[in-house]
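Colleague: Before anything else, here's the structure in question.
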């Protein structure tokens, strides 16, 4: 409990420290921190100039304009001069230092109760932040990061601080709190911060015309509770005004508000909506969530001959056929949103497919989707939408019909239609309040060109105002760059009368021009609805003159207009004739070169040029809707057809034609017609919306006709507001004339135009498949160069050369309340070789020649369309043109753009080279998420953009040559550390899978995880612990593994089976949770260390450009925090792993000790205690250290290796590949090293054990050594063993040192090469010095981690050496011997039964292929000849023994029982390949099982030589090198002998120094005894010791010990007396064929040994005493003995008197009994047996070595004990057995006599001969005869 508390305290303390330092970091970073800008960005242009007839380079720098730079903040409602208006208050540095940290701590410690106060104190508001210079990517990202970081510290919820919009000049509208604004004011790149006044949010008129209309509120942020909270508050305020407000959330950024009178109110007060609205919107403007408020505007709707004008040239018209207009939009989908679409009209109907309503069907011939909410596909009568769609793409299914001549322009295109809800009062459209809901489904349907012929006009008048709707449209186009929208300019005639949606920057705004004169004289008269004009006049007469006209009809007007002239205006025939007369008499006023009088004109409110283009819009004849009538109004398709056709005028009619033309243009590009005029697969291009807009504008033709401004005069269309060369506010850039460049190669009918068109660099050296539009950031520029040559003879020119360049970009949406709406400003300039002037776009011509003192021009800073039109002066010589596009101010970048150039009447082409710069000039270049730089080369071209630095949380990725975010700290921890943990878990799963495969079970992940966590495995026989838990219960698990209470389970396997990873995992499984936590902590620490070199390199990189040490504070704090993180988590990891190590060694040693204690006595006969203790004390800790060390080393090594590898590859993949060239060599060296390490480690452990064994034997037998004065001999032998250990250790050291030296040499050499090559790359500017330093540090990490990982394999090999010895003991522990081992499943028994030896046959072929599987049982095998081939019949007794032995081997004892598995005990081993562990099959040499070193070449090589090493003192055959000893090898050749020695050496390397038996499982069902009568019976019992299975001890014993009687066993030494006693106690197990022993009629093999021994006590002839008190030794057998029991037992054993004479009496400590005499030890042992009070007492020579008095006393005690007990005693003295109820006489393992003393004496047999000489002396020993 205390440990858990300490852990929690440490973890909590660590977390508090981390958060405090994070707080300090963010506070101090943002306090008085002069953040630097990585590169001083300067805009530099290079120009062609002429000086003394030489071409020199002259730089024009925009820095010259800085002194006159406009720093005003331009809002619609206010212009803020930041030079005059004061900044917000700035706390001085001292106050910042003193106040920030306490404020942070107080916030950190605030409780939830303080939340309301906190929200009030740190409530967010809108601020305007102005930057000192133009905003670039770096300063913008720094600003964003500042807001994020300070938000984390301040924990501001629910709104995040963020940038709302850009406001000119150089300012951001920002949502943040006051404390953030104070911190921000210290930034070097900030010049002014001010609060955003609520009045600047409101853009409303409160007049009767607009009052009550919906108002839209733009939101910076919103929550689900915002609307309800606002509405409740406002309605409570409006109660006194008798009005209410209804708020509706349109989306997360937009809210609709309607204020209305509360008719349900009982109040008698009047309702004033003006006052209510002022109050409501003033309150909303003061809320931090709102940022813009404007009134909703009323929406209004704004071709047989039109295509002839659109596809004509500036001078001629074309025919409306497939020759002059070959492309009609095939494969394209255009979209339209309007009042409805009459699906029954023949222009749209499909006989095979219905119109898909709210779904998409690309198989419909014309309408792929119809999206609407009215569940119809119809329009109102004479509907606007049907007419518009017909103009764009309508066409009958049968093209042969006459009506098809009135088809739309893009007849092959399909339509995606959005049905706008209509106002019932006037049929005007009502679009969705969220424009993305309109455009997104059309975009999803496949449309990429869209037309809108409707819009709204500001209620405030003709302002050309940029509304929120315009911002929404710009936003959609900005986020969908491959989409383009065309919008009608409006039909309001006046200047600045544009519809508000048409003021959007990114749309193509379409004005109206007149159509061909033919249209006026034919179609206009036929299909115009003059009835509507007449009724309008009649209505005016009704209202203005006389009520009687209210009932007039147009027919009456025609009848009476001759007498009443005023009625002519309502007569349809008169009106038609008047129009016909006017049209025919004034063709110059009615043709395609004139502007329609009604077309709305520019500019916008901020002076932007609109419209962009004009298209035919007057008397356009197209489809006519018949409303809900579903009859096809086309009839038979004949003409004229006034039911199906209608002629209308307006920009609404011009917009669909321009939309169709744009669609055809897109088809031209998508199908690959550009630039050859025919389809080329590699030329297929997916154009952006800006490119389509640029092409449309670039190829527009400025009209030079007239336009009527009023009813009394006309004006030249290019003379008014002619601000730009080639553009004005009336017609924009001119009228569409597509034929000038939309060339389609045909059969030579149409000649190739004289216009050459260039798109970016497409076609110069790039194909469409790999071409991409450029993007720019502030301070960057790009150049395009072209050449002009005069037209060659015969070329199709015939005109004046002319060039037109157009730049278009899709600008981010503007803040609607800004005075100027352009956000990103690009500028286009031109130079050429025939002029020294610099030409600026949209400036009216040349205005600057570079002369000192000349007034500098001001480039266009309000339009996102810029153009230059130039006519060469010298048309006879070649001219080079260079167009420069500069990123003047890109606050939200980078900004993509489209550049289009065309040249007329000459030969134009790309220049071979384009001089972009001066040699060695440098400029910043755009790098995503970073800053790059590029250098000008000798070819006057900018070089590759190299990463100079990356933004925070980004790093340079050399593979992609970008700044990649995945290298941020969070991603490092997640990807690398998390990936490593995943890998470790995967390996564990694989190990468990291997375990299940080895067991033959089906793998289950559920069982695996339950096994790992110790929660799911069932245990039979033990209930406290699962396989992986830490419980102390014992039991058999479902997978057959044994858990004995230590938590460590070992699966039963053959003892010599190799140790596999699942076996090793079984040792770790109880601690897997702790190890996992330790590993995870270690991985976090490693991940923190991985990132440190990156920041170190960053510091080094920033040093040259840093002004003060404070600028590096950020990086230093991060490094400190990372180091702290590494320290905390590495400490936790070390702490946990250290505890786990000790727990593991404790449990593992406990496990091994349990396995040793559970062994049968034969095991201890074959193995030295010193060797076993060596395993327990040395191998077990070594195994533990290796296991836990390997897991942690692998985890940390992989994490560090992979993490560092990611960095070095991203920094420089070239250098990384150089490093990896050495990996195979390092792997080979490690493999060779591991091979020798494995051999030498196993030999080292073996000889260490031998040395320990010899030392212990010498000290235990010190009496013998001293008695025979052999101290020097023992010293020499021990020294020899130590020398063996030293020599092997020396080889191991040499092996490891040599391998390490090779690795070190290679790695260091490689490091030098990498450093050299890295320095070269840094000099070549391929990457920076900081990156080189980081790379070098990471190389060190990689080297360190790779060395660790390679070393892990060596550790694993050493681990296997220790594991082999440990598992040899664990696997050989008998199953269910004691309560230490629990029951095994029957299927495991059956599995082991199948593995038993099957060599019990006489087949010679089987024995010849025998590989040490059976060395003892096949006596008839030819492989088992005696060494000399002599007979064994040397004596009758030997013959009898051999006979019995052969009988065993050939009789039933060698018969495999089919019903039960053989019990492999110390008797006969049926799977006894372990009885002679070191025996190598030799036809003539049956070696001693204890001989481990026969003919072993121990020099560590394979040459068969013997270096006199490795000979064991227990080896009795070490002289086989004697040339006279040819026994067994005389028939081998030299080659065979070497092969044999190599085989013997391999066997030697497998030596463990431990000899174990392969003990199979005892049947799982035990009989539990609760009481015992004490009756014992032997039936045909035969036995031999496992250490000498070829020597029998007992033969066919049949005897019975009855309860309550005393029995004696006498006979010569070695006759089997003591063995009988040990068999009763089951210290040894009988072979199933070796007879049975019964207790109370129950086979003792079926009684649990511990249960059996609870009724039996055995006193050995050699007493064993423990290092404990005398009292503890006597009471050892009882769990809680009383002092009375102990004293009574001592008295009965005649030990009480001498114990009482000792100083401490019963509390005297016995150190191995060394302070007692032999007799005293014997009496204490007897007392221990007496104290045990067992039913059966087995006494083995307990009176030996006692004086007569003591012996007599003990004999008397035994007589007392026999009452109710069964006593069996072995004795060599008459007195001990004289009074026994029955005596058994044994000789050579057989019972030769039995009876009472008198009966045996009367027989005069063996007993008599033994007793005859001691008849007079009861205490004389029996004689052995």
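Heads up, residue numbers simply count up from 1 along the chain you see.
Placement of Cβ uses the backbone N, Cα and C atoms for every residue, glycine included.
Residues or ranges marked as domain 'Peptidase S8' by Swiss-Prot: 307-727. The feature transmembrane segment is assigned by Swiss-Prot to 971-991, 1071-1091, 1116-1136, 1189-1209, 1210-1230, 1304-1324, 1327-1347, with sequence analysis given as support. Annotation source Swiss-Prot lists domain 'ABC transmembrane type-1' at 1075-1358, citing sequence analysis. Residues or ranges marked as compositional bias 'Low complexity' in Swiss-Prot: 1388-1402, 1465-1494, 1515-1529. Per Swiss-Prot, the feature compositional bias 'Acidic residues' maps to 1403-1415, 1495-1514. Under the heading domain 'ABC transporter', Swiss-Prot lists 1576-1813. Annotated ATP binding site per Swiss-Prot: 1611, 1612, 1613, 1614, 1615, 1616, 1617, 1618, in sequence order.
Please situate the listed features within the shown structure.
Modeller: Looking only at the domain 'Peptidase S8' (307-727), the predicted model's pLDDT averages out at 86.
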Colleague: Which has the fewest other CB atoms in a 10 Å radius around its CB: 1613, 1615, 1618, the listed binding-site residues?
Modeller: 1613
Colleague: Counting other Cβ atoms within 10 Å of each residue's Cβ, which of the binding-site residues 1611, 1612 comes out lowest?
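Modeller: Candidates: the binding-site residues 1611, 1612. Fewest Cβ atoms within 10 Å: 1612.
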Colleague: For residue 1617 (ATP binding site), list the number of other Cβ atoms lying within 10 Å of its Cβ atom.
Modeller: 24
Colleague: Determine, for the ATP site, the additional residues of the same chain whose CB lies within 8 Å of the mean position of the CB atoms of 1611, 1612, 1613, 1614, 1615, 1616, 1617, 1618; present them in sequence order.
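Modeller: My list of surrounding residues reads 1619, 1786, 1787.
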Colleague: If you count other CB atoms within 10 A of each CB, which of 1614, 1616 wins among these binding-site residues?
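Modeller: By the 10 Å Cβ neighbour count, 1616 comes out on top.
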Colleague: Translate the DSSP assignment of residue 1613 (ATP binding site) into the three-state scheme.
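Modeller: The three-state answer is coil.
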Colleague: Under a three-state reading of DSSP, tell me whether residue 1618 (ATP binding site) is helix, strand or coil.
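Modeller: Its secondary structure by DSSP: helix.
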